[in-house]
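These notes are about the structure you will find just below.
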Amino acid sequence: MEPVTGLILDYNYKLTLKEFPYIIRWRDDRCKRCGQCTAVCPQGAIRPAVKFQRIIESEGSSPKPKYVRRIITVIEQVNNIENYCTGCAICSLVCPNNAIEPEYNPQNKFLFFKNRGGEAYRRGGRRNDPGVSTLDRIKFTRISMLTDPALDAGRHEFRVRSYIGRILPPEELPLKVENGKLVVDKSSGKFIPPVREIFPIMIGSMSIGALSPHMWEGLAMGVAYLNEVEGLPVVMCSGEGGFPPRLLKSRYVKYFILQIASGYFGWDSIIHTLPYMTEDPAAIEIKYGQGAKPGDGGLLMAPKVIKLIAEIRGVPMYVDLPSPPTHQTKYSIEESVMKMIQSMSMAFGFRVPVYPKISGTRTAKAVLNNLARNPYAAALCIDGEDGGTGAAYNVSLDKMGHPIASNIRECYLDLVRQGKQNELPLIAAGGIGKKGHLAANAAALIMLGASAVAVGKYIMQATADCLGDEYNRCNICNTGKCPRGITTQDPKLYRRLDPDKVAERIVEVFRAANTELKKIFAPMGRSTELPIGMSDGLSIDDKAMAERLEISYAC
Amino acid sequence: MCRLVAITSSKYFSPMENILALETMKEGHDGSGMGLVLKDLGGEFKELKQYPILSGICSRKGREILDEYMEEMGFKLIHTWKPKIKPVKGIIRRDYYFAMVYDYPDSWRDKSFKEKEDLLMNIRLTLRKMGESDESIFVFSFYPDVITIKEVGDPLELAEFFGLDKDNLEAKIIFAQGRQNTNYQIYLYACHPFFIQGYSTMTNGENTAFVPIKEFLMSRGFPGYIGYNSDSEVFTHILHYTVRQLGFPLPYYKHIITPLKWEEMDGRPDREALVLIKQSLRPLCIDGPNMVIGFTPDGTCFMVQDSKKLRPGVVGGVKGKYALMSELCGLDKVIPNRDKTKDIYPMKYDMVIVSPEAKEVKVWNQLQA
């Protein structure tokens, strides 16, 4: 029954702002009503509003209170769950008077409501767990001092390099002794698999399409500069989504790992460009899984499929592009390995390492053992639960997957038991640099057994100021409305990002990481080879973790 | 830091020479122990060269177990050397120190020497296992023409304890190391020099890449790659793996533990092979600081440095007698009348190789070879 006063008292269908993950703090006294914040908000979470205000005023020598009515303008947060504030704080960025900012609301009940219309919540970013990860709990505790002098990161020669590619066991090297010297025995007919020397931190797979043209261009320029000017052989994976044919034909393609995933997006164009390529790519990555969304295929939402993307991928414009959860040609793992790895190897004349990427899983060892038995498998990349994505279901992001630390460790130790720890490099991904400790996390994984690490989210955060974090800040990569211009195909948004600046930052990030890795390895007395599996250098402050990782416990 | 004295000679000499040289280096070692490996034996062993010698220490109970086992395996004891122990204050005497010469079991006679080497090693490993938990048996080597002696204490006092000054024990190659394990608790199996199937090394310095190297060796499927109570034991096993297992010429030991940089390989005819070795044997790359002195079954002795040359080492002598030392004072003690201008201080690319019978010394340079 309607109340007789005409006022609506039942607001139960509306949410209070207390339910929202971020609450806008707006300061009336500072705001000059320029409207920039409301114009820039990617979510439409704030709006200018006109309010009717009744205030009591007392004036004069014998003030008598009286009320006046005023029309005022305010900035108001919308309490519609579809327009929730993501906390991106672009409003704060554009506000000339520091009059507005979002504040995280730890008591929010966002996930209770973000399923309107029966649509499960989808987003970008990574697992929303702001806790300290295992990687960040690992310390480097074996310090050289008296029994073995520490090396000097600034003066001694260091070689911070790793390999991707299948490495032959020493017993199988096709070598013979001639006049007291070892020479390669060409008559043996032994296949020597291709091996690339790389910087042990690589840029993980982020596709053209997921990334804006400016972001991708910036990354690519930075990678080329690092290789050609800085002498740091940093490689970058294309992600699933093809590769610009012009770049494919250029000499720069050698700095890129081309990814093929279950949708095979972009591969028609790559295959057609193959005869015109002058250089081989660094490697081919076959994506079977992704740490951020195990069991799901890739997903490029329709708003991002603009003309350029549609052309590279060979698809119509503005349609959702979901890759299947699994490769359709796959029947069994043996078959998959045989079909995919060997046919990709063959396509590139057996000159390019081909390796699969899987999401972190308890079954990683099964995959690993299969690869260990296939002489063409060049590596195994395991992407842990803290890996990032441009679009996934929140439940997949938050609850699916395996942490990378123990997954890598058990795989490495399994290889050690078989004596194949140097034959099949392990690439670790997912959550590296989550709290900003890029080099330390990478070094920890290397010393647990990884030959290299792949990093995506940190790169976006460090080089293009990606706003996302583990408090679900921003994380709207899937909508194509990235306020930074990183994961959008809208020119109005991506023109905010200067590709030259991204490239500059990439160079700075890797130069600094190179120094930090040396600063970690030097006091541990390691300089010539990467300390892969040097587990005696690590400790952790939790006994159960120490036991699981087979490293020491220190407190 | 360990002090190392290796002497190779065309004539038999007493281990006292090594021990007196160690004494000159006393400031640098803590007198916590000594290891001796004697190869190409003279004296009472001169006529027994083809028979395997089991060297070790055991308790009374251990002796019974050992004898019983050796008999069961069909070995016939043909000679025993026992040191004439003289009690020395501070040295805890164990029950039974020995070097026992055995004749092979009848069933072994027709086997190749390589097979015999494996069988001897397996016997040693079994004995080690049998006596390891209660420390009733320590066996250091079981190989023809090689004796190993190890004990805790000051080297000179140990020489007195074992009566080495009065014994007729002598050999043409003797390695001595004047200290027990540097960084961990004192334990006989952690004492250099280490020996496996004719290969021996001793090292000064600490091996920071110990764990990955150890794991790589242990996963080669070769039963002898165990122990590793000291991080230096891996140097012996890398040598054995390089030369015996992989069949590489000795200088490739240097290429494995300290591989050349890519730019240093450019233009070399063996570049392809070096690239493959660098990649495939990546886990055996050492980072030092280490100087390694070793010998191979043919009696070649050598000295190599880590890739930054972070440890001392000198080789010098006269034709027929050369010494490879961690310190110059030891060399002066052993071979004072030599041309000191010809002393060799190997640098980071060098491998000093002294041929068998100390005939000649060659400096092999990794960069130019």
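For all residues, glycine too, the Cβ spot is worked out from N, Cα and C.
TrEMBL does not curate its annotations; it predicts them automatically.
Record features, source TrEMBL:
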- A:22-51: domain '4Fe-4S ferredoxin-type' (DOMAIN)
- A:74-105: domain '4Fe-4S ferredoxin-type' (DOMAIN)
- A:Cys85, A:Cys88, A:Cys91: [4Fe-4S] cluster 2 binding site (BINDING)
- A:Cys95: [4Fe-4S] cluster 1 binding site (BINDING)
By the count of other Cβ atoms within 10 Å, pick out the sparsest of the binding-site residues A:Cys91, A:Cys95.
A:Cys95
Intrachain C-beta neighbours of A:Cys88 ([4Fe-4S] cluster 2 binding site), sequence separation six or more, cut-off 8 angstroms:
A:Pro42, A:Gln43, A:Pro102, A:Leu467, A:Arg473, A:Cys474, A:Ile476, A:Pro483
Mean predicted confidence [pLDDT] for the domain '4Fe-4S ferredoxin-type' (A:22-51):
96
Return the residues near A:Cys85 ([4Fe-4S] cluster 2 binding site), defined as same-chain residues 6+ apart in sequence whose C-beta is under 8 angstroms from its C-beta, sorted by sequence, else 'none'.
A:Phe20, A:Pro21, A:Tyr22, A:Ile23, A:Ile24, A:Cys41, A:Gln43, A:Ala45, A:Ile46, A:Gln77, A:Pro102
Cβ within 8 Å of the [4Fe-4S] cluster 2 site's Cβ centroid: which residues qualify beyond A:Cys85, A:Cys88, A:Cys91?
A:Tyr22, A:Ile24, A:Cys41, A:Pro42, A:Gln43, A:Ala45, A:Ile46, A:Thr86, A:Gly87, A:Ala89, A:Ile90, A:Ser92, A:Pro102
